[in-house]
Amino acid sequence: MTAHVGVLALQGDTREHLAALREAGAEASTVRRLSELAAVDALVIPGGESTAISHLLREFDLLEPLRARIAEGMPCYGSCAGMILLATEIADAGVPGRAAVPLKGIDMTVRRNAFGRQVDSFEGDIDFVGLDTPVHAVFIRAPWVERIGPDVEVLARADDHIVAVRQGPMFATAFHPEVTGDRRIHKLFVDSL
């Protein structure tokens, strides 16, 4: 059976993730409404701006239903801002009232914009657990993981910082594999469903 994976389409790299998921063998659709969230087997939370996505989750009445689906074990993959939101704790979450809100899917503390501002964005090849050759990773105002819980597996590091993790059905990267054309990370996620 083909997994139906939703891409949270409130803000961020929606189209790129949809294409990557389809190329990786999944049925993929956008999620903007509660009915669409209820219809998917798994969810991708794309890169974008974590405080903006948090605000829109509240505005669209998706925050608590999404937290509930995650608590029930719905598989999720978060890239960049998605990694930030999947954390149990966010360092430098933003201005109170407009801060990024943790969805508490992965037992980790993530620091927003840890590698620096937009001008500090970079690309590089990194080793990734489960892949035979390095991944070309694109870091755009990227976070890094500062703390992981005992059940979290580190999948990749860059400059000695944790940039990819997995905990059960939850998977996250600080970088943007959807923009490189390399579908191996999306395939790892889809194949885990």
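Every residue gets a Cβ built from N, Cα and C, even glycine.
Because the structure is a prediction, the values reported are computed rather than measured.
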According to Swiss-Prot, Gly48, Glu49, Ser50, Ile140, Arg141 bind L-glutamine; which of Arg22, Arg111, Arg112, Arg166 is also listed for that site? Arg112
Taking the centre of the Cβ atoms of Gly48, Glu49, Ser50, Arg112, Ile140, Arg141 as the L-glutamine site, the remaining residues of that chain with Cβ inside 8 Å are Gly47, Cys80, Ala81, Ile84, Asn113, Pro143
Quick note, Glu178 (active site, charge relay system) and Cys80 (active site, nucleophile): C-alpha atoms separated, nearest Å, by 11
Neighbouring CB atoms within 10 angstroms of the CB of Ser50 (L-glutamine binding site), all protein chains considered, total 31
Ile140 (L-glutamine binding site), Cβ-centred 10 Å count of other Cβ atoms over all protein chains shown, is 19
Consider each pair of residues in Gly48, Glu49, Ser50, Arg112, Ile140, Arg141, all listed by the record as binding L-glutamine, and report the largest Cα separation in Å as a whole number. 13
